[in-house]
Amino acid sequence: MKFHFSSNKLLLISGLILLVLVIGIKLDIFLSSKSTEYIKFNNNNNHFKRDKRILLHNEIIDTNNKPSIKNNQIFINDNDNNENISPILLRILNNNNNNNNNNGDDKSIYKKNHYIVQFKDRINDETREQLKEFLIGTDIVLDEQPYQSHIVHYIPHDSFLVLMTQEQSVLLSSKEWVSWIGEFEPSNKIHLNYNEKSIGLPVYIILSDSTNSLIQRWENTLNSILKSYNSKVKLTLINQKKLKSIVYCNDESPSPSCSLINSEKLVYQWISEQSESNFIERSEKFQTANRLSPKVVFGTKDTLVNNDRVDIPLRGKGQILSIADTGLDGSHCFFSDSKYPIPLNSVNLNHRKVVTYITTSTSDDSDKVDGHGTHICGSAAGTPEDSSVNISSFSGLATDAKIAFFDLASGSSSLTPPSDLKQLYQPLYDAGARVHCDSWGSVSVEGYTGSYSSDTASIDDFLFTHPDFIILRAAGNNEQYLSLLTQSTAKNVITVGAHQTIHENYLTDGPNYINYQSSVDINQELICDFDSRYCNYTTAQCCLESNATTGLASCCPTLLRKSVIDAANTQPLLYNENNICSFSSKGPTHDGRMKPDLVAPGEYITSARSNGANTTDQCGDGSLPNTNALLAISGTSMATSFAAAATTILRQYLVDGYYPTGSIVESNKLQPTGSLLKALMINNAQLLNGTFQLITSSSITYPSNQVFENFAGASLVQGWGAIRMSNWLHVVNNNNSNNNNKTSDGITKFVGIGGLDLRLVKPNQWKEESLSTGQNTSYCFTYKPSSSSSNSGNNIPRVVATLVWTDPPSYAGAKFNLVNNLDLTMIYYRDNGSTIFYSNQGGSSFLGLAPTQDTLNNVEGIVHNPTEPMTYRFMVAGTNVPMGPQNFSFVFHGENGEFEWADKCPQCSPGQVLACPVENGIGTQLCTSDLQWSSCLIQSCDNNYNYNSIKKRCDKFLSYNYIIMIVAGGTMLLIIFILLLIKYQEYKESKKDSFRRFDDGTGIFVRPKDKDAKVSLADLYNLISPFIIELAISTACSLVSTAASILQPFYIGQIINDIPTAKHIGDFKSQFILIFILAVIEFVFSTISSWISGIVNEKMVMRLQNKVFRALIAQDMGFFQKNNAAILMNVLISDTPMLRSALTGILLSIATGLCKFVGSLVFIFTISWKLSLVFFATVPVLAFITQIQSQFTKRLTRALLFYNSKASQHGQESMVNMHVVTNYCRQDKEIIKYTDNLNNVFQTARRLIINNTLASSIKWLMVESLAFIILYYGAYLAIQKQFTVGLLISFCLYIGYVIDSTTTLFGVYVSYVQSQASATRVFMILRSAPRKRTTLEEEEADRNNGLGGGGGNNNNNDDDDDDDNYNGKGNDNGKGSDDPNNNNNNTTLENIDDNGELTTVQPVELTKKQLKKQKEKEQKEYFKRTGISVVEMSLIPSSYIELTDCKGEIEFKNVSFRYPTRPDVQVLHNINMKFETGKCYGLVGPSGSGKSTLLELISKFYPLRDGGNIIMDDIDIANIRPNNLRGFVTCVHQNPYLFDASIKDNIGYALDNPTIEEVIEAAKLAYAHEFIKDLPQQYDTVLGSAGSLLSGGQKKRIAIARAICAKRKIMLLDEITAELDPESEEAITQSIKVLTQGHTVVMVAHKVAAVRDCDKIFVLDKGYLVEEGTHDELMERKGKYHRMFNNEKDEEELLNNLGLPSNNETNNENNNENNNNNNNNNNNNNNNNDDNNNQVVGEQV
């Protein structure tokens, strides 16, 4: 379909619609600003103002003040080299003749650099993926930077550090989700100091991406810079993203010309400016940070256990614990295996204790004397092969576990771990270790800062990518706050501090196995410095003289041991497991994170002692005491080994399936993640109650740029507390058969793991859950006091919840290192209706306020002591997850009570009532008995909103959304429904045939159907389908106008409501403005709708009339013989506009009426459903009345069309035959007959008016009565305060709208009924038009569906075909031919009775009753036949032979023929004749012999169906397209039709653009030029109607000139010499002789004399060919031709003897004028007229 609006009109319409939408939005905002505020609930602290600063370690960027890169800013910094060199360095290079010129290379904008990209909102998975897709889609990779743009790190707040091109940064700034973009300053990459203490130490450079050629290129450039400083730089590749750099002097020792400080500054400033560098930091020096200790680790808060297999049944069996340290003395009995040697750099799982021992180029395969590593391994898992020896009592904690060891030192040298820590952890992980112990680390050269380094990020990264691995690291032994080892600040590790051991240890094991000699050596140096005479004292001398000189006791080992024992004896409260070791490093980290996480025993820990690289067995016979095999050491290193061993045992507990029953169950075998192990360890820790408590932050001096927070249940000294495994690690055995909820000391405990509700999920199915930004999940547990325990003393109920997640690695240069922020909140609902929230910070809060959440740590915990039965709800929320989704582990435990998983999470407290946010109003929710909120019940609505009793919500009657709902929604649903319905009908019909191939150029598709087929909706849709877009726009505009109109009464009612309380007219300002705007909208859109629909109406009637006219002129000849021209013109002129008005009006009326009806219906039911039901009680009655009305209307409309057609027919016949009317003086008779017809029209129209008026009056009376009832009942409801007076007024106005729309919709049905009569007549013509079939298969389908057969079959809608007359020379009886009023179609609609018999006009006057019966009979005939006789459409073959040239040879072979209108009469019988080119042939015979029929068959006016073929140039004309055939054939009839046009136009009619020369030449050949020249205007003379200004002979010569001008090979002449004077006959005869040259001429004549000169004459008689030959040959035969010739000759002689004029002369004066009118009459009835036939038949394609 085509859209027929110009672009200007479309722009105008679009602009107006856009204007209305903008106004709607503004109104919505205006009204929303006046609406009441409703309660808002906070979600994840969104009510706090977001901090949008970018927090880097070296800089804080305020993005509100610092300008962002804009999309119109491109700064090109061209440089030949990949390296961007600062001005000072560029100057140095220039001084060293190293040219670096700016070439203005446009590729500079494609060079990558670091940018900070801040998002407008919190980063989630979607926005992060959008950034990734943008970087991939817009990336350009250069040869000098062979890596892709990508996200490097997350930086708080809401930012990413991104490596991308400058062009990408500019493009990215236009994204709506980006708020700020800035270049990453090189100074933010540098994190090192330049002083004598640190100078010369290696510096590590973290790269953003790997590059192979980087080192050599950088070294060359930097060494050229350092020449003038007499220094060099050495770069070493650590891994693909890490370099080590050392700056050194060229000389062996520093000289005045070598300044390392200045050299380093230049080097690292230059490196920081390179796009590949990401982070630069100084290398740090690494340092190293039990028979009684297990009793503490597996004890409880107040009770210790025995170090045996009863109280500690699990010892890490099946687990591999990895340790990296100074070395391991493999010959020690704790580690040696009599069967296997220690596996060096290989894996042997069969070794009793050590499965692998990994060494590097900087380490060996042993430990130094008293080595740190051997002691750590012994504390963790060492045990002798023979467990019966006494020394086994000093075995490690996880004695059944095996060790994977990584040696970090060689001999007595310091630790040198791999620069890439992944190279340390990966081989241990591959060996099967899942728990790792690191009791070493480094402290920043800048002091105690708790900094986060690249090593720290590397540890976090390894744990993030290996989620089932956990690392435990020593906090350090530096005793101050912020003194944590750098690697221990990693977020994902378990950082372990040290607390003291049990009091017994200070009296026995510790004093016995401490290496006092190291202390003596140190103290003796101090004494020597004090007094030189003591420098050479031995320990014996110190002991001997200690009484005299007190200070000498410090170099006496015996006295040192005694001092330890004495201190423990005298101060038992200071020396026990409840105190922190004074040396243990304390938190927080530099960004305020809480470290350590846990503490474990770390003072005087006795374990394996290394004797260095020897093969002796230090254990001896295993007896005690054994100082060669055992050593007591203090430090967080020792604590870490115990914590790692405990974690290993915990992992065994889960992996072997002990949880939760305490016995091994196969389905309970759980594969824990590192975060789960960490969460369980922290969750079951106990805060120490000793003398070392957390000092308040007010008394501590912290660096000014640090942030510190307090946490409930944790401290910066001991983290979440000391490890106490027996709090929940429950194992059932023969000696200790405790149940799951009871430990050995009787404390009941329940442990729950998030996502592992044992009623629903088995442990072996467990996996971590994950969250993204904005998501949350909840875990709920119930608590009831235990019947077997009291809430006093140590039995106080307690719940602890812990949340842990493995956070992605942070950028080391960020101020805060948390990337993904999850938040844990505990909610419980009390019986008194209050709701209490707990979080990791700030304790509890009430009354719906969200608690303060932790934004720093990836560990959150909540501790609570319940006092009453309750249900806990723990909610984990993804507050900010830029690198999501984030996996997490949640652990809950409850003790001293009965705990279990809740069936469902509670939402409220019993009896609690809460204001709930409802749309556009305020509601309340009640807490039900199951602690769930009920649905929100609306209490009140905001201003400009009202409660919708149907939808049960507050609706805003004028808002942008509401307008869209009514207009857009209503329009689309309505139009889509109608179109789908019609398309469905169309689809059903298309299964039979695809009708769209019947388009004839008008854009209207009409599928041929049977003559009795009803007009369907699909048929009607085909008529309006070309205009559907315009109609849709018009309908949409009308709907907008309607929507605006139905909104006005509501505001009118509001004004009335507010009048009593209004104090000033200005109070109604907004309502008046809204009503005015609505009125303007209604006016504008109704005008547009009317304008478009008016144009569509005219377009449609034009196209429909064109379509009908095309269908008429494409009909076969029989159609015009059977139908009256007046009736056909009435269909063309009257029915098509009526049908058009009905169709376009129906669509528009349905749309607007339905919209107004539905819209008003919404309002009236919203205002009062009771009044609405009162109204709708009468709708069925109104529908019934309308149905009765439509039935009468349908019949009366058909009758009206019948009488209108008769009046038109009579009027046209009178005008055409005016000569006859005047000649016989019958004017009065015709006036009376026409008046009778008009009277019938008037009477029918009056009855139709009475019918409609009566129905309308009844409906009006019912509506008015209903209005009275509604007003009465509405007033009653208003008095009862059920609604206001204003709403009553609005309701009444809307009722008017409903009535109006109902009337419109009922009227649509009436209009549809009225259109059926017109539609039936129009579609009868449209469906009968000949059409072409495209394929042979389609022809077969048409025949099967009853549509086949070709044109000419008499399958019209007459009841009887036998009496259909054909008026022509072939009419056998010729009845009526002498009647001057005869239209040569005597079998018209009006004079055929029901039986098909002819009726004659009765001369006798009829009575009124008889006249009435006759009218009813005529009406019945009309209703049955519709006034139109239709021959079934001709189905044209699917393919033709196209002629490009024609010789003019024609041959009839056995041709027989019957006219379609008279199938019972055979006109031709087995005709055989041949016409050759260049010759003239004559056809003679009496009237009705078939002469003219032969000419019509040559022109293919009728198809042959009774046998035979007509061959032209050896081609059957049935296979030649009709128009193609007629392009070589021209026919001149006896009574030629001339158009009311100039002579030039009449002669050149057959040509598209004839020249005057061609016209004159044709006129000369036709001997018409002479008389044309004598006319006043010559060839421009207008001939009048049917050529009335010319005589008969002149008209025939003009017709012959037209045929000559057509330049066609075959000339058919039908009686062209009849009724002419001798002069005209002679001129025409000469013309024929001219035409014969090069043409095939066939003449038909009654007079044989007219054809005597023809080359051959064919004689026909009663349809048979009786003779053929030349004139002489036929005369000699004395046959039919001879008799006809002699009869004519005798008649001519008789007339001459009598002195009377011949027939030609007589007719020349009188008949020619009559012929003008008769010709016109005959042409209207299509009586074989040459020119009319050429036009009427048209192109049958």
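Using N, Cα and C of the backbone, Cβ positions are placed for all residues, glycine too.
Computed from a predicted structure; not experimentally measured.
If you check Swiss-Prot, you get these features:
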{"type": "SIGNAL", "residues": "1-27", "note": "signal peptide"}
{"type": "ACT_SITE", "residues": "D325", "note": "active site, charge relay system"}
{"type": "ACT_SITE", "residues": "H372", "note": "active site, charge relay system"}
{"type": "CARBOHYD", "residues": "N390", "note": "N-linked glycosylation site"}
{"type": "CARBOHYD", "residues": "N536", "note": "N-linked glycosylation site"}
{"type": "CARBOHYD", "residues": "N547", "note": "N-linked glycosylation site"}
{"type": "ACT_SITE", "residues": "S637", "note": "active site, charge relay system"}
{"type": "CARBOHYD", "residues": "N735", "note": "N-linked glycosylation site"}
{"type": "CARBOHYD", "residues": "N741", "note": "N-linked glycosylation site"}
{"type": "CARBOHYD", "residues": "N776", "note": "N-linked glycosylation site"}
{"type": "CARBOHYD", "residues": "N832", "note": "N-linked glycosylation site"}
{"type": "CARBOHYD", "residues": "N887", "note": "N-linked glycosylation site"}
{"type": "DOMAIN", "residues": "1031-1314", "note": "domain 'ABC transmembrane type-1'"}
{"type": "CARBOHYD", "residues": "N1251", "note": "N-linked glycosylation site"}
{"type": "REGION", "residues": "1334-1403", "note": "region 'Disordered'"}
{"type": "CARBOHYD", "residues": "N1385", "note": "N-linked glycosylation site"}
{"type": "CARBOHYD", "residues": "N1386", "note": "N-linked glycosylation site"}
{"type": "DOMAIN", "residues": "1450-1687", "note": "domain 'ABC transporter'"}
{"type": "BINDING", "residues": "G1485, P1486, S1487, G1488, S1489, G1490, K1491, S1492", "note": "ATP binding site"}
{"type": "REGION", "residues": "1697-1741", "note": "region 'Disordered'"}
{"type": "COMPBIAS", "residues": "1697-1734", "note": "compositional bias 'Low complexity'"}
{"type": "CARBOHYD", "residues": "N1704", "note": "N-linked glycosylation site"}
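For H372 (active site, charge relay system), the recorded positions whose C-alpha atoms fall inside a 10 Å radius of its own C-alpha are D325, S637, out of D325, S637, N1251, S1489. When Cβ neighbours within 10 Å are tallied across all protein chains shown, the highest count among the recorded positions N536, N547, S1487, S1489 belongs to S1489. A straight line from the CA of G1485 (ATP binding site) to the CA of N1251 (N-linked glycosylation site) spans 62 Å.
Considering only the recorded positions D325, S1487, G1488, G1490, S1492, N547 (N-linked glycosylation site) has D325 as its nearest partner by CA-CA distance. Taken residue by residue with DSSP, H372 (active site, charge relay system) is part of a helix.
Between the CA atoms of P1486 (ATP binding site) and S637 (active site, charge relay system) there is a gap of 137 Å, rounded to the nearest whole number. Between the alpha carbons (Cα) of N887 (N-linked glycosylation site) and S1489 (ATP binding site) lies a span of roughly 104 Å. For the binding-site residues P1486, G1488, the largest tally of other C-beta atoms within 10 A is found at G1488. The recorded positions N390, S637, N776, N887, N1251 differ in how many other CB atoms lie within 10 Å of their CB, and the one with the most is S637. Taking D325, N390, S637, N776, N1251 as the recorded positions under consideration, the smallest Cα distance to S1492 (ATP binding site) is found for N1251.
Cα of K1491 (ATP binding site) to Cα of N1251 (N-linked glycosylation site): a span of 57 Å.
Within the set of recorded positions D325, S637, N1251, the entry lying nearest in space to S1487 (ATP binding site) is N1251 (CA atoms). A separation of roughly 100 Å, to the nearest angstrom, links the Cα atoms of N776 (N-linked glycosylation site) and G1488 (ATP binding site). When secondary structure is read from DSSP and collapsed to three states, G1485 (ATP binding site) falls in the coil class. The separation of N1251 (N-linked glycosylation site) from S1489 (ATP binding site), Cα to Cα, is 57 Å. Taken residue by residue with DSSP, S637 (active site, charge relay system) is part of a helix. On the backbone, the CA of G1488 (ATP binding site) and the CA of N1251 (N-linked glycosylation site) stand 54 Å apart. For D325 (active site, charge relay system), the nearest of the recorded positions by C-alpha distance turns out to be S637; the candidates were N536, S637, G1490. According to DSSP, D325 (active site, charge relay system) is assigned to a strand segment. When the Cα of S637 (active site, charge relay system) is compared against those of the glycosylation sites N390, N536, N1251, the shortest separation belongs to N390. The Cβ neighbour count for S1492 (ATP binding site), using a 10 Å radius and every protein chain shown, is 24.
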